[in-house]
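Peer 1: Below you'll find the structure I mean.
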Amino acid sequence: MTGKPAYKRVLLKASGEALMGSQGFGIDVSVADRIANDIKQARALGVEVGVVIGGGNIFRGVAVASKGGDRVTGDHMGMLATVINSLALRTSLHKIGVDSVVLSAIAMPEICESFSQRQATAYMDEGKVVIFAGGTGNPFFTTDSAAALRAAEIEADALLKGTQVDGIYSADPKKDPGATRFDQLTHKEVLDRGLAVMDTAAVALARENNIPIIVYSIHENGGLADILQGKGRCTIVSDN
């Protein structure tokens, strides 16, 4: 890989569902290993990488609320699911020699370090992949919002959203074969059209901090490196 990367520091957001692979629940280790290899390729380009992973493959807090339970407790359970996923990705990274660390928004010192903005940026300056677990540490906020928040805190050049499809569409392309795919949008267009890429709080936070959002398929081998070199198929959300 000789192409010059377009970004020096990025925040990668991956859904928990991506880790399931073809399974209906949990973690497919082969998928975690493939994502780890994509991150290794990004590091080989000299790009500093932070990661936020959702927890939907294990638990969703809204599932508790939808059945009459306590949303706060449900969200706390979801935060713990993100820690499990983060530890799985760290394991996959370590297997291939990529130095990484998990920083949790919820203190659990026997398992991983607690998040601080200063420590996170210090680790990234050292070349470590930093995996941010525990969401924002607060209920009622999605891991998309956590990704936008961490991207702002580490001064990321871009927020990359690895999804099930190769960009943003006017409708779900799996349900609507006539859905239109966008190459480029502004943050305002995403918000005004209500396009399903990230929740509105995440898009608004990225917009306020002038962070472009790049949506691509996380299932393409080497896709992350291609995106970083400006070669991949994606949708870019930017006001510039």
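Along the chain as shown, residues are numbered 1 onward.
Note: Cβ is positioned from N, Cα and C throughout, glycine not excepted.
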Peer 1: Which of these, Gly55, Gly97, Gly162, does Swiss-Prot list as part of the UMP site with Asp75, Thr136, Gly137, Asn138, Pro139, Phe140, Phe141, Thr142, Thr143?
Peer 2: Gly55
Peer 1: Could you check which of 21-26, 69-74, 207-212 is flagged in Swiss-Prot as region 'Involved in allosteric activation by GTP'?
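Peer 2: Matching range for region 'Involved in allosteric activation by GTP': 21-26.
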Peer 1: So which one is it: of the binding-site residues Phe140, Tyr169, which has the fewest other Cβ atoms within 10 Å?
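Peer 2: Comparing Cβ neighbours within 10 Å for the binding-site residues Phe140, Tyr169, Phe140 has the fewest.
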Peer 1: Helix, strand, coil: count each for the residues of the region 'Involved in allosteric activation by GTP' (21-26), based on DSSP.
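Peer 2: So the counts come to 0 helix, 0 strand, 6 coil.
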Peer 1: Roughly how many angstrom lie between the C-alpha atoms of Gly55 (UMP binding site) and Thr163 (ATP binding site)?
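Peer 2: Their Cα atoms are separated by 14 Å.
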Peer 1: For Thr142 (UMP binding site), which residues of its chain lie six or more apart in sequence with Cβ-Cβ distance below 8 Å?
Peer 2: Gly54, Gly135, Asp199, Ala201, Ala202
